Amino acid sequence: MAKEKFVRTKPHVNVGTIGHIDHGKSTLTAAITKYLSLKGLAQYVPYDQIDKAPEEKARGITINITHVEYETEKRHYAHIDCPGHADYIKNMITGAAQMDGAILVVAATDGPMPQTREHVLLARQVEVPYMIVFINKTDMVDDPELIELVEMEVRDLLSQYEYPGDEVPVIKGSALKALEAPDDPNHEAYKPIQELLDAMDNYIPDPQRDVDKPFLMPIEDVFSITGRGTVVTGRIERGRIRPGDEVEIIGLSYEIRKTVVTSVEMFRKELDEGIAGDNVGCLLRGIDKDEVERGQVLAAPGSIKPHKRFKAEVYVLKKEEGGRHTPFTKGYKPQFYIRTADVTGEIVGLPEGVEMVMPGDHVEMEIELIYPVAIEKGQRFAIREGGRTVGAGVVTEVIE
């Protein structure tokens, strides 16, 4: 009889290359795929294919982003790379492609540069939990002491932004040399690539899956079913829900209502359990149709609270991206789209010395909504005005 096919189910991890322009991010990405293709663990994606990244849209913003995938003996990786500096900022803020760990690429010839710092700051703000350093172009530096110096500078930079600078793995090599090396995986030039992959396998832990987090479902729609009660529908963002589970309805006021989900349905069939990613309807015990609305969330008790004021990193769209043509100042009142909630808010605080925000800027700001919404650190949102997206942001701190 035919043998069963052996399917490997390796843990999945999302990573990305970050760092200053021309330090070799795309070259390194290409080199990883080339090396692993020689071991049968990836498809080789050449540099020019990575560099001409396709456009995708996230929260109304166009971003150029390349996705490659590859495997090591231990894991399956999805790896993102962006060609332009602005694309990185937009990606990190919109969370178009989130990272469980980042590979910070620093050229030995330059050391840390302004964008190196900006990417590390953003990675910290959006909570990229782990950082690995690849010091690139080491073949172009004759003095080993200079490379040591660059390593010290990078470790110091990471420590400034609360990464464990002393513990972060630092790999030194040349991505270009690996890319140009012969097709023998044991060739000397691939050593740093293997070291980098080992560091990724061992230093970045398996991420917690969405399904294992506390339950949360943004409410998209509300129905009343005669004789049965009120049903709310939406896509489960995280966790799992079973009939009989207690939940809270949160948002649009400071009052939190407790209820029990008596039935979970998908395509009109009852489910034993709904999990992250499922589009479901939840029947709620003792809740009238007018007591719950779109923009609220259904969540595990105590897992999230309603808030009005928060700090956020925001990217403001350029005119060419369909954004505003003019700057705005403190007191600007656009609409904030947070999950399914659409709520007016005011920019109540800008950094010291910043009087106005120009289209194309990336800035930290304090925002106050007219009513509370379920918000937490790391929450992504869109800013809209007159029916068009003018910005995107990520919550960095909840104030009240």
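A Cβ is built for glycine as well, from the same backbone N, Cα and C atoms used for every other residue.
Per Swiss-Prot, the range carrying the annotation region 'G3' out of 9-12, 73-76, 81-84, 205-208 is 81-84. The range from 60-64, 140-144, 230-234, 345-349 that Swiss-Prot describes as region 'G2' is residues 60-64. The feature region 'G4', as given by Swiss-Prot for the ranges 136-139, 324-327, sits at 136-139. Long-range Cβ contacts of the region 'G3' (81-84) within its own chain (Cβ-Cβ under 8 Å, at least 6 residues beyond either end) map to 16-17, 21, 25-26, 29, 50-53, 63-66, 68, 91. The least crowded of the binding-site residues Lys25, His85, judged by other CB atoms within 10 A of its own CB, is His85.
Cα to Cα, Cys82 (GTP binding site) and Ser26 (Mg(2+) binding site) are separated by 8 Å. Over the region 'G4' (136-139) the predicted model carries a mean pLDDT of 97.
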